[in-house]
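Lifted from TrEMBL, the feature list:
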type	residues	note
BINDING	A:251-252, A:265-269, A:282-289, A:303	FAD binding site
DOMAIN	A:13-202	domain 'Electron transfer flavoprotein alpha/beta-subunit N-terminal'
């Protein structure tokens, strides 16, 4: 296992550009922003790797967001993500081109692909990182992530194996600005993939979230928890959200109670959000929830219990019945 | 059918508190529990056993001797056999090294039709060990399984949860599935099950039983290292508004307008 390698053979920062239905996932752009900082600090190039076909628009976008090189696994069999297909093709590319760092979005796809790639490449993987830095002396990547439900932060290193791999939660890193017309090198990957290598068959992809829930892009979020008392409470939150052009979200407790779909869940096991304003309505502030929203610009908490932990991290707190407070706010908004 | 369930004993992170003075984790008095997603994995296996009574369900865990308690809980829920992979040499393992030991343990027990695991454990939340075990065993993996639509002796069709929906996926057996809480509601232990659970032997395998070298286990086999750990700095307490409901609502909207946030 602990075979020593020639670490100096490894260069460049790679970002896995995840596409679904030929659309780039926003976390891919966020990773290019973060990857740029790491590449500059490590003194190497920023590259993206993408799989699929007929995705020239996305490839251009990757250049415009800062990729110097795009490695393209062009194959119709890779249009749809499969663990086997992607881990084989990208694993082969890593073996051949030897990136120093590989970043993936911690989506349901990135968190499936990352572990298998790490096994294929016999290296380590750090999940759900919230902060990445290059150590100025060792040039290693320092990967910081929450553990114990967000109670503890751990900084992880991968000293003797390459590439150093991390998944990063969507919504945590900032998107870089786009530089229209910017170009780079396109390298088409050799694809050594037999049909039989892909052992799972995706029969259908079904969307169940009634509207596209884009919590990571929301500028204002109105979020509800157990204090709502019932599913009807989300109607009131929706009224406030509509006034503010905001998105509704929920705590895990409200999702577990069956009041709202899990796609709306903010927190350690849900989505990490960073809106300008976060309304926490009837949310007590379990550490798992706080882990997913504490980087919001302004946190406004409304809760009947003045000792609720949410008030410890809120910028503005209102003690009171949300069924009285929210209608009053709606009225003030006019 | 022969089914394996991978389970982990974890501290109940909902009960973990921070010492407000020292800023460190308070772990004393924190109960150890069967990892929640693993309970869904076990339930999925037991449902198949309910349907196909000749099914045998094995639970495999890696951990210290105290994990015996959690394994007996699994037996009391209805698992047939429990195997604990326990050895000092396994200590300090990261996900990569853990998956080597667990894959070796599963291989030693024998060929399975389906292996279930939880999506992730609540202490580390990495979601890595399941797919890595599958990859090492050379069998297909489907993560985030939220529904099992059909099982035959040759294949399985499941729903894999996505952020905004699901994928309907089919694969041949044997395969590895990691389960999310939406898959089912884990059953309680039965009284008869609890009685039986304490009669049963729990098989313990160490490093040598699994024919692993010391270099293949624990910290030595772990590419990653914890460089440091720390408790997140607490954010300062904000301001509580006062007055009547209408006054507080007016004050709030006023501030938001003045800050050009709305």
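Yeah, the Cβs are placed from backbone N, Cα and C, and that goes for glycine too.
Mapped onto three states, the DSSP output places residue A:289 (FAD binding site) in helix. On the 0 to 100 pLDDT scale, the model's mean across the domain 'Electron transfer flavoprotein alpha/beta-subunit N-terminal' (A:13-202) is 96. With respect to Cβ neighbours within 10 Å, the binding-site residues A:267, A:285 differ, and A:285 shows the lowest count. The most densely surrounded of the binding-site residues A:251, A:265, A:269 is A:251 (count of other Cβ atoms within 10 A of its Cβ).
Take the binding-site residues A:283, A:287: by the count of other Cβ atoms within 10 Å of each Cβ, the lowest one is A:287.
Its Cβ placed at the centre, residue A:289 (FAD binding site) has 29 other Cβ atoms within 10 Å.
Under the three-state DSSP scheme, residue A:265 (FAD binding site) falls in the strand class. When secondary structure is read from DSSP and collapsed to three states, residue A:251 (FAD binding site) falls in the coil class. In three-state terms derived from DSSP, residue A:283 (FAD binding site) belongs to neither a helical nor a strand segment and is classed as coil.
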